[in-house]
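What follows is a set of notes on a single structure, which appears directly below.
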Amino acid sequence: MTSRFFTQVGSESEDESDYEVEVNEVQNDDVNNRYLQSGSEDDDDTDTKRVVKPAKDKRFEEMTYTVDQMKNAMKINDWVSLQENFDKVNKQLEKVMRITEAVKPPTLYIKTLVMLEDFLNEALANKEAKKKMSTSNSKALNSMKQKLKKNNKLYEDDINKYREAPEVEEEKQPEDDDDDDDDDDEVEDDDDSSIDGPTVDPGSDVDEPTDNLTWEKMLSKKDKLLEKLMNKDPKEITWDWVNKKFKEIVAARGKKGTARFELVDQLTHLTKIAKTPAQKLEILFSVISAQFDVNPGLSGHMPINVWKKCVLNMLTILDILVKYSNIVVDDTVEPDENETSKPTDYDGKIRVWGNLVAFLERVDTEFFKSLQCIDPHTREYVERLRDEPMFLALAQNIQDYFERMGDFKAAAKVALRRVEAIYYKPQEVYDAMRKLAELVEEEEETEEAKEESGPPTSFIVVPEVVPRKPTFPESSRAMMDILVSLIYRNGDERTKARAMLCDINHHALMDNFVTARDLLLMSHLQDNIQHMDISTQILFNRTMAQLGLCAFRAGMITESHSCLSELYSGQRVRELLAQGVSQSRYHEKTPEQERMERRRQMPYHMHLNLELLEAVHLICAMLLEVPNMAANSHDAKRRVISKNFRRLLEISERQAFTAPPENVRDHVMAATRALTKGDFQKAFEVLNSLEVWRLLKNRDSILDMVKDRIKEEALRTYLFTYSSSYESLSLDQLAKMFDVSEPQVHSIVSKMMINEELHASWDQPTRCIVFHEVQHSRLQSLAFQLTEKLSILAESNERAMESRTGGGGLDLSSRRRDNNQDYAGAASGGGGYWQDKANYGQGRQGNRSGYGGGRSSGQNGQWSGQNRGGGYAGRVGSGNRGMQMDGSSRMVSLNRGVRT
């Protein structure tokens, strides 16, 4: 038939009949306008009856079409196409057998195998034709030879029967198909009646398409099939029949073209008709595995509704294990094939393959990934967090089960997951979660499960034995103590290390700095953390950050700076804390590295506030560096406590115009400039204007502590700067200048004298400080310089040896602990005894490196004019303070996995 274009033009070369047909079609198109309701195609075809084919017929048609394509390929000797169609027909066979529930393959498939086998033998016999084949065709022929030989072994008996009597086998096939597909016929009848039943008036105002009704019937087909299975005679549904169906479904898992949700539904239906508790348990394990496969990618997460079903399935597994104590879950020994056929009243042990710990860890991982992917500023994120008690209830029940079974190693792994869900929560958040868990009702989840399972009930009914709600002690500390004690007794090395870090983190969160510090020093985790996995290194970094915040809240400025200094040494805070991806101008990351780093990110509710962390670090550095720079004004670069702070200060001083402070750095730099001039009031006002203080619950007491420390360091800075200008200085005058009580001034100055930071003495009758002039010989100055250089060389050699030996061997770290040069590497008690107790011994007889540095600096001061007491007086103690900061907390570089 010609085109309408020529019809509209009115070509005289066409037949008259064709012209009339085309004109009629054009007229019909004009009448049946698609924008008119009465002109719809569904109403126009009143004489055509819609035919709905059952799924079985559709699958057979697909297989028949593929077989026809194979015949065409045989005619042209195309083995490449033949190989592709052979793989295709094998996949279609699985679908056909699944739908028809037949034991034997259809005759069409056996006939195809016989045809292929004969054709292959002919092709192999014709060697001349084989030589003329192309390379791809020859490879496909050889591949087809192997595939067909392997495949035909599975159907040897059927092939032999067909070769003996092909006509008889073809006659038997329709009868078998009719017997196997009674259920499909009934569903087809229902579909036909639903389509033929409702008639629609073409002139009606509302035109409801019959496709919607058909779609509703198709949706209910699954439920009807299940109902048919449940209404079958129980004698027909045997353990063997269910086991065979179970193996067929499991065999299809992971294959291309298999719908994952459909696979989960099929396995879920099998749990309803399982004949024994062990069989139901075995199928439930496969259901959970299939649910994990719903989202196979690494970037996404399991759908939330599937996650909840997975948790409910695991609780059902625990119900079965608790009720039937003779059933044992084990993944080390392959159970017998007929193990699950043993009845309910069987007294012996029944082994079922499974791993509850692995499943729980996967559930926890999927929950973690969902929080990573959901936008934290939406309601959905908050709703997702409300599911956490559901996971904690599951973990608690699994841990109780393992403890009853005596498997304490597995119980320790489960306890670690519970610890990692609690350690970062303050007591207020813990109380809110505990109240939420008490208010959560189980009816919602139970109703959802009933709706999905449909009206039929299971053959094996398992009551809810294990509780669906978690139980929490009133104090989060009490719960942590119970869990970590179990882990310390029974966990492996990695589990113990992570539990220890979580325990330290929680102690720091609860303001127990001394306990947290002692746990860290006794565990020696800082010496071995570089050998652990990256997630544990991230946990270590988070713990050190929390420990630094705790020390700051307790007023321990030196210790706080020691914990945070390494964290801010490389400008990669976000990366080290897993709170963002850092970008470096010198190191470009591959897309794979970026994806891996994003997968390690912490969820938003677990983030540490970076502004607060930066403020604490810079304030601590300011309180330590300003007196240190005043004490070493002639050689400021020689003794550096915080390189990061010095760099920021240099950048700030190079600016021609200083704008009002905007961010945390600007505020701290402005406070530093004021403190350097001795204006402690302005320094405190600038710091007090920071917004981060509102994040602290005891804000007023912390600000009072900061103000007192600013006054103290302002006093020290003043004495370091102007001691050379005085012969004596009144105690009363110092107290009035810095608004500090006289006993406190006396204590500060006396400590500086004892530590040889200030070369002076007290005149008790007049209550004055008398400054002394110090002069050194040339030999003494050279000796002090040599001592300092030797100490630096020895320390560098120790670090080089330690990096080569991995921190062990010659016990060089213990020597550094004895010298009080490493906070985090200190031994329990001795080396890390903080500034107050360590400085006394270090000033005169302890740390030779600090002493030597002070003497050398003093001599330099003497050469430059021998100011009164200025050279020697303020050097040694500041040297000691600097040495305490070295190598402090052993933060870990995640890119290289070594200490930075």
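Cβ from N, Cα, C; glycine included.
Of the listed segments 128-147, 328-347, 588-607, Swiss-Prot assigns region 'Disordered' to 128-147. Between SER11, SER204, SER761, the residue that has phosphoserine written against it in Swiss-Prot is SER204. When the residues SER40, SER803, SER813, SER856 are compared with Swiss-Prot, the one annotated as phosphoserine is SER40. Residue annotated by Swiss-Prot as phosphotyrosine (from the set TYR35, TYR155, TYR381): TYR35.
SER38 is the residue among SER38, SER453, SER584 that Swiss-Prot describes as phosphoserine.
On the 0 to 100 pLDDT scale, the domain 'PCI' (604-776) averages 86 in this prediction.
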